[in-house]
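What Swiss-Prot records for 1-15 is compositional bias 'Polar residues'. Under the heading region 'Disordered', Swiss-Prot lists 1-25. Per Swiss-Prot, substrate binding site is recorded for ASP32, SER33, TYR64, GLY65, ASN97, THR98, THR209, HIS210. If you look up Swiss-Prot, you'll see CYS96, CYS208 marked as active site, proton donor/acceptor, on the strength of sequence analysis.
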Amino acid sequence: MATKPQDANTTSREAITSKADSPPRPTALIFDSGVGGLSVYQEIRQLLPNLHYIYAFDNVAFPYGEKSGEFIVERVLEIVTAVQQRHPLAIVVIACNTASTVSLPALRERFAFPVVGVVPAIKPAVRLTRNGVVGLLATRATVHASYTLDLIARFATDCKIELLGSSELVEVAETKLHGGVVPLEVLKKILHPWLSMREPPDTIVLGCTHFPLLTEELAQVLPEGTRMVDSGAAIARRTAWLISSQENVVSSQDENIAYCMALDEDTDALLPVLQSYGFPKLQKLPI
């Protein structure tokens, strides 16, 4: 049986409802270098189920953790601009800790809509710790960012902060979301600096949006009773407040859509996952 030819820039399934059936909704762009931002999107969608969501990820330049700050700023500006030219955006969430630490000032200077960033949840972790030892698990770029060091200086002076930067763990999270198995031995190797401590952190800040995707596996490797904290819920509350504070907010009747920077076998395999998150279409974003 013959099938309709598919646009080389699009992977999709048939829309269940037509555009005319959809009420206008404010459009929120969620951006990450990979699929870790879906953990933040989940938190936002739970609080704001009726927004029009766009998820964009940079699978060409992924991962950002080893890139220069200058490269990340220019790349994020380019991608957000490309999306903004196609959709009337009400808000943008940079669901990437590495990108947030360097790109927010430039984004807020260029665009009129609010831009929300993700920063390590150090302040709540300090409140939760019982032994006074808090671990920050993030990319190397986030661990060494001046913004992160400022957060520690402001909120964690009474605690011992153990920093652990790993881009390998980002790759592990991506593998899991693509349907792969997470080897616990790999996690043990990554976390060895903490696991070998006489008094390891009892509270861990998941300072990369990929890492909440691995909470079950991390719990099997970390000492029993270790608490894990991320900023997803706080970002969702901030997003809700900013949306509610806008007057004459721009809206769209389009269905949710995901954008990548290149279509390949990996993105083809990722489509069912994106559909399960509420994104029926995946397209290449021309930049």
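Note that Cβ sites are derived from N, Cα and C of the backbone, with glycine treated the same way.
Under DSSP, ASP32 (substrate binding site) is assigned to a strand (E or B) in the three-state scheme. One way to see the shell of the substrate site is to take the Cβ centroid of ASP32, SER33, TYR64, GLY65, ASN97, THR98, THR209, HIS210; the remaining same-chain residues with a Cβ within 8 Å of it are GLY34, GLY36, GLY37, PRO63, CYS96, ALA99, THR139, THR142, VAL170, CYS208.
CYS208 (active site, proton donor/acceptor) carries neither a helix nor a strand DSSP state and counts as coil. Using a 10 Å radius centred on the Cβ of ASN97 (substrate binding site) and all shown protein chains, the other Cβ atoms total 31. Under DSSP, THR98 (substrate binding site) is assigned to a helix (H, G or I) in the three-state scheme.
With a cut-off of 8 Å between CB atoms and residues at least 6 apart in sequence, the same chain places SER33, TYR64, GLY65, LYS67, ILE72, ALA138, THR139, ALA141, THR142, ALA145, CYS208 near THR98 (substrate binding site), listed in sequence order. The maximal spread of the substrate binding site, taken as the longest Cα to Cα distance among ASP32, SER33, TYR64, GLY65, ASN97, THR98, THR209, HIS210, is 12 Å.
A separation of roughly 5 Å, to the nearest angstrom, links the Cα atoms of ASP32 (substrate binding site) and CYS96 (active site, proton donor/acceptor). Of all Cβ atoms in the protein chains displayed, 28 besides its own lie within 10 Å of the Cβ of ASP32 (substrate binding site). THR209 (substrate binding site) and CYS96 (active site, proton donor/acceptor) have their C-alpha atoms 6 Å apart, to the nearest angstrom.
HIS210 (substrate binding site) is 8 Å away from CYS96 (active site, proton donor/acceptor) when you measure Cα to Cα. Note on the active-site residues CYS96, CYS208: the fewest other CB atoms within 10 A surround the CB of CYS96.
It is TYR64, among the binding-site residues TYR64, HIS210, whose Cβ has the fewest other Cβ atoms within 10 Å in the structure shown.
If you draw a 10 Å sphere around the CB of THR209 (substrate binding site), it holds 32 other CB atoms from the protein chains shown.
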